[in-house]
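Q: Right, I'll just put the structure down here and ask away after.
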Amino acid sequence: MQRRQGRVSAGLLLLLYQISQVGLQNIPSVTLGVLALNIFLFLNPVRPLSEVCISVHEGFYRKNWQRLLLSPVHHADDWHLYYNMISMLWKGIMLEKKLKSIWFAYIIAVFSVLIGVVYMVLEFMLVKILDDPSYGMNCAVGFSGVLFALKVLNNHYNPGRVSSVLGLQISSKYACWVELVAIHLISPG
């Protein structure tokens, strides 16, 4: 889990291009702030990824709770950042307009922390059920869990929609699952 600090790369350039195509004036304020924060921390990470990722070992046993705040806004590489922020851009535009900025910011903040907690609980359960302590050491970064939660919320507020995932037209009810698999295949880990 190491990445060069301050490096501009293909995924980042493509992300900036996509944002410019939408137009800054068309991106609601909280969504734009989340995009800016994630891009800024990609270029200027607070700490190395190995020191911000969340795991049972680091978060629970070592009581390094700051990782709950840091892990969602750090990304493993430029393509991880690109796919997460393109997804955030689309979901943010849809949801922030519907929910209004203050409520949307609150939801992002709560989801960002809760996803880390859920991740640790699931990993802890795997440790106990499979009797395999290596699951307690698995460390995660990124905004994918928050995006998955936003996708479910978006489906609740916009039922019956059709989404395009990798060019395939899929009912939004199932698109979050297809998107999750696609992200895992394109950018595993």
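Glycine is no exception: its Cβ is also placed from the backbone N, Cα and C atoms.
Sequence annotations record features per position, and here TrEMBL assigns signal peptide to 1-24. Sequence annotations record features per position, and here TrEMBL assigns domain 'Peptidase S54 rhomboid' to 63-171. According to TrEMBL, the transmembrane segment annotation covers 102-122, 134-153.
For each feature listed, report its degree of burial, its nearest neighbours and the pertinent distances within the displayed model.
A: Across the domain 'Peptidase S54 rhomboid' (63-171), DSSP helix (H, G, I), strand (E, B) and coil residues number 77 helix, 9 strand, 23 coil.
The list of residues near the transmembrane segment (134-153) in space but at least 6 beyond its ends in sequence, with Cβ under 8 angstroms from a Cβ of it, reads 1, 38, 49-50, 52-58, 61, 71-76, 80, 84-85, 87-88, 91-92, 95, 107-108, 111-112, 114-116, 118-119, 123-124, 126-127, 175-176, 179-180, 183.
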Q: Using Cβ atoms and a strict cutoff of less than 8 Å, what residues sit near the transmembrane segment (102-122) while being 6 or more residues removed from its termini?
A: 28, 30-31, 33-34, 54-56, 59-60, 67-69, 71-73, 92, 95-96, 140, 143, 145-146, 149-150, 153
